[in-house]
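Trainee: Copied straight from Swiss-Prot:
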- Thr145, Gly166, Asp188, Asn230: S-adenosyl-L-methionine binding site (BINDING)
Amino acid sequence: MAWVQIRLNSTDKQAEQISDFLEEIGAVSVTFMDSQDTPIFEPLPGETRLWGNTDVVGLFDAETDMKAIVEALIASRLVEADFAHKIEQIEDKDWEREWMDNFHPMQFGKRLWICPSWREVPDPNAVNVMLDPGLAFGTGTHPTTALCLQWLDSLDLTGKTVIDFGCGSGILAIAALKLGAKQAIGIDIDPQAILASGNNAEANGVADRLQLFLAKDQPQDLQADVVVANILAGPLKELAPNIITLVKPQGDLGLSGILATQAESVCEAYAPDFNLDPVVEKEEWCRITGVKK
């Protein structure tokens, strides 16, 4: 099926109104895109934070009268009469196949591979985690996830308990279990993440060793030999007292989701309780690790 799209620029305040209107007049999907390469950090849970200068892209069936769409936008008064816009025909492709072709097995450290379920594992004797891209964050493609996976691969997890704080897809907890951990515990504020982690654990045959909790239901006396938290700098600092108590004495801590420019302030929150290692950087992101005193 062929498609046509309209792209127009908007402020963050109007973008959602324009999106709603485009859907009302027949758009099959609407996408927000950054028009000025502006980073967005640390939205609140449930918040959709947009760029100050946002491109709104509405996708329509190719038979749609786009002149009528433009006229409807003007009549809605959500845009000026002479608003700048671009209309493009979209090539008809097997989008699912193209999407699948973009994901390949990835190696982290010496032993660990993350593989999409539709790909053949490169090394059957390696530690293979089968994980498909989904709604919850974490497939190994982001530098922060890669940093955490490499760190877990470097540890001897045999017989240990691991907490994945902010578990998302469950990728870190599942990797830890496959790397030898006796038990893993995933904690997240998002029910979608709990569901995704459970499904991914089932697919990897480790569901019987993974416990999952919404953050509000986290047991009070919970502790582990290893705690990994791949969230963001703000929550890592705000939740430091909680995260610190999760780590057993002499236990290992790994933190990421941190921009390199934020490393110093995050280290300050944990340094009193941990002997911290040198910060490891990947692209603009970094990882902080240490052993509890």
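All residue numbers here begin at 1 and follow the chain in the order shown.
Cβ coordinates are placed from backbone N, Cα and C, and glycine is handled just like the others.
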Trainee: Indicate whether Thr145 (S-adenosyl-L-methionine binding site) is helix, strand or coil by DSSP.
Mentor: helix
Trainee: Over the residue list Thr145, Gly166, Asp188, Asn230, recorded for S-adenosyl-L-methionine, what is the maximum interresidue Cα distance in Å?
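Mentor: In whole numbers, the farthest two Cα atoms are 16 Å apart.
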Trainee: Counting across all protein chains shown, how many other Cβ atoms sit within 10 Å of the Cβ of Gly166 (S-adenosyl-L-methionine binding site)?
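Mentor: That number is 24.
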Trainee: Give me the count of other Cβ atoms within 10 A of the Cβ belonging to Thr145 (S-adenosyl-L-methionine binding site).
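Mentor: Result for Thr145 (S-adenosyl-L-methionine binding site): 25 other Cβ atoms within 10 Å.
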Trainee: Taking the Cβ of Asp188 (S-adenosyl-L-methionine binding site) as the reference point, list residues of the same chain whose Cβ is under 8 angstroms away and which are at least six residues distant in sequence.
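Mentor: Same-chain residues close to Asp188 (S-adenosyl-L-methionine binding site) (Cβ under 8 Å, separated by 6 or more) are Gly166, Cys167, Gly168, Ile194, Ser197, Leu212, Leu214, Ala215.
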Trainee: Mind giving me a neighbour count for Asn230 (S-adenosyl-L-methionine binding site)? Other Cβ atoms within 10 Å of its Cβ, every protein chain shown.
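Mentor: Other Cβ atoms found within 10 Å: 27.
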